[in-house]
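*Asks:* Take this structure, written in structure tokens, and hold onto it; I'll ask about it next.
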Amino acid sequence: MIVIIDYDTGNTKSISKALDFIGLQNKISSDATEISQADGVILPGVGAYPEAMKELTRRGLDKTLKEIAATGKPILGVCLGMQLLLESSNEHSFTSGLGLIPGHVEKLPEEPEFAVPHMGWNQLQIKRATPLTKQLDGEYVYYVHSYYANCPEEYIIATSGYSIEVPGMINNGNIYGAQFHPEKSGQIGLEILKGFKEVTYSCKSSQQ
């Protein structure tokens, strides 16, 4: 069972429908106990970093996510959810994050030929093969964001070219993040979610 975390700042239903489509049993929940009992967790997110982190903390879900990460169960952060996995953000003001992947969230550079927000389809360049990125080099995914993950190169598994080389996907052990929206990226997005399904089943089998 995959639990999609509901903390009033994410597009939970579209992610749930995408998981339904690939046959991955899932549930939307804000209950810490249900989330802790999941085989894997997806942290969605849209909106502003400070408000999202504040809401996670208010519900006690920041601690829940850190506890789940420590068990080795897979976590996938999507869009703002990916950014929350990092150590901090300077969006509006300095805000501490979950600290599950080293790095900081910064605003995309504004240049005449590159609009902010970065919105639309962009091509993935795979930097490191993982179950989520295999055979996806050169494929297109859908982005909507104004901030990006500035993190050490060893944690970046896929990028897209823009005003800078945007980290499209990041990874630290059992923790994964996608800056783009897999649930809005057609068949390629479904392949990424299938990769998360594979990681989840593999982890569950190893822990039994």
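Going from the start of the chain as shown, residues are counted 1 onward.
Positions of Cβ are set from backbone N, Cα and C atoms, glycine also.
Note that the structure is a prediction, hence the values are computed from the model and not measured.
Heads up, here are the entries from Swiss-Prot:
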DOMAIN    1-206  domain 'Glutamine amidotransferase type-1'
ACT_SITE  Cys79  active site, nucleophile
ACT_SITE  His181  active site
ACT_SITE  Glu183  active site
*Asks:* Using DSSP, would you call His181 (active site) helix, strand or coil?
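*Replies:* DSSP assigns His181 (active site) to coil.
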*Asks:* By the count of other Cβ atoms within 10 Å, pick out the sparsest of the active-site residues Cys79, His181, Glu183.
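*Replies:* Each of the active-site residues Cys79, His181, Glu183 was scored by Cβ atoms within 10 Å; lowest is His181.
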*Asks:* Can you tell me the CA-to-CA distance separating Cys79 (active site, nucleophile) and His181 (active site), as a whole number of Å?
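*Replies:* Cα-Cα distance, Cys79 (active site, nucleophile) to His181 (active site): 6 Å.
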